[in-house]
Amino acid sequence: MESDEHLGRRERAEAVSLHPHGPPAWQPGVFLDIAIGGAVGALLRYLLTAAIPASPTGVPWGIFTVNMIGCLLMGLLTSYLLVTRPRPFVRPFAVTGYLGGFTTFSHLIDGVHSLGDAGRWGLGVGYAVASVVIGWIAVVAGLMLGKHLPHHRDRTV
């Protein structure tokens with residue numbers, strides 16, 4: 001028999017999983033949901049990174065900002081998904097599509113590589129470490145903020 005704690009973990013994992021009840025790949029419209037979310041996320045990433053110039057030392061602050069906002073949004077979205085039963089299109093659109101298109105790991109690595117090519121390996125490593133640590137803090141902050149949203153107050157469990 002499973003403990004309540006174990007069931008709680010399973011429920012949490014299913015809530016944030018892209019497909020808690022099996023792969024949705026063959027459900028009508030899932031590809032369109034992901035494509036639209038990805039297009040919106042990528043467009044917003046482009047606009048935001050274009051508005052924030054790199055520093056004189058070459059640190060790509062636009063990409064850093066986008067990734068940290070994405071981490072905060074992931075925390076908020078996870079908090080929302082834990083207590084609601086969203087419509088089937090929400091997870092593919094918001095998680096895979098929007099956040100997948102908005103955030104970018106490859107640009108983070110490219111920024112580290114560019115800083116290294118310029119002889120600034122220490123700054124590059126610092127940028128990578130700061131991205132991971134501050135990103136984690138942003139996810140936790142999003143989770144904590146999400147607990148104060150109205151949908152959490154209505155939960156009786």
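The count begins at 1 with the first shown residue.
Heads up, the Cβ atoms here are built off N, Cα and C, so glycines get one too.
Features as listed in TrEMBL:
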type	residues	note
BINDING	G100, T103	Na(+) binding site
COMPBIAS	1-14	compositional bias 'Basic and acidic residues'
REGION	1-20	region 'Disordered'
TRANSMEM	30-48	transmembrane segment
TRANSMEM	60-82	transmembrane segment
TRANSMEM	89-109	transmembrane segment
TRANSMEM	121-145	transmembrane segment
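The largest share of C-beta pairs under 8 angstroms with the transmembrane segment (89-109) comes from 30-48, of the ranges 30-48, 60-82, 121-145. Within the same chain, residues 57-60, 64, 67-69, 71-79, 108-109, 111-115 sit at least 6 positions outside the transmembrane segment (121-145) and bring their C-beta atoms closer than 8 Å to a C-beta of that stretch.
Sequence-remote contacts of a segment are chain residues at least 6 beyond its ends whose Cβ falls under 8 Å from one of its Cβ atoms, and for the transmembrane segment (60-82) they are 12, 15-16, 45, 48-54, 90-91, 94-95, 99, 102-104, 107-108, 111, 114, 127, 130-131, 134-136, 138-147, 149, 151-152.
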